Amino acid sequence: MKFLFDLFPVILFFAAFKLADIYTATAVAIGATVLQIGWVWFRHRKVEPMQWVSLLIIAVFGGATLVLHNETFIKWKPTVLYWLFAAALLGSVLVWRKNLIRAMMEKQVSLPDPVWARLNLAWAGFFAAMGVLNLYVAYQFSTEAWVNFKLFGSMGLMLVFIVAQSVWLSRHMPENTQD
């Protein structure tokens, strides 16, 4: 259910684009993200840092799209977000010697240190590549194709990557020995 809640602004963006245009969809995405953050704050009295970053990016890039009436800005938004994720994953290791993937998952999964390092690097690489792919689709295809890619293509690739990571991780997880 949380996954669908996290997709709420993207789904509304897609629907608004299909019913109207990119500018209406952008305004809807900004409003939906504000509502989403408001709901999270109301329910939990806490908003995760990445949710604040996402709100800031949609407000800046979406706002620029609306004010300047130029869809290029909203098309850059996913790339900026992906590249920030990649930079955070790499930067946390290089600067603070902290593996963010490990910090998020180590309570659920026990893995050797080298596997954590490769997993962090794999996710950083995935996000960097997704940023490049988003730009490729944004500049080489129509706005409609980009909107479809934003919802279906990027989510599909994310799902495939998660499944591949799960299969790879299963080889490195300690086996449960029950007597």
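Going from the start of the chain as shown, residues are counted 1 onward.
Placed from the backbone N, Cα and C atoms, the Cβ positions cover glycine too.
For reference, Swiss-Prot has these:
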- 3-23: transmembrane segment (TRANSMEM)
- 24-44: transmembrane segment (TRANSMEM)
- 49-69: transmembrane segment (TRANSMEM)
- 76-96: transmembrane segment (TRANSMEM)
- 121-141: transmembrane segment (TRANSMEM)
- 149-169: transmembrane segment (TRANSMEM)
Among the ranges 24-44, 49-69, 121-141, 149-169, the one whose Cβ pairs under 8 Å to the transmembrane segment (76-96) are most numerous: 121-141
Residues from the same chain, set at least six apart from the ends of the transmembrane segment (3-23), whose C-beta lies under 8 A from its own: 29, 32-33, 36, 58, 65-66, 69, 71, 74, 143-144, 147, 150-151, 155
Spatial neighbours of the transmembrane segment (149-169) far in sequence, C-beta under 8 Å, 6+ residues away: 7, 10-11, 13-14, 78, 109, 111, 115, 119, 122, 126, 130, 133-134, 137, 141
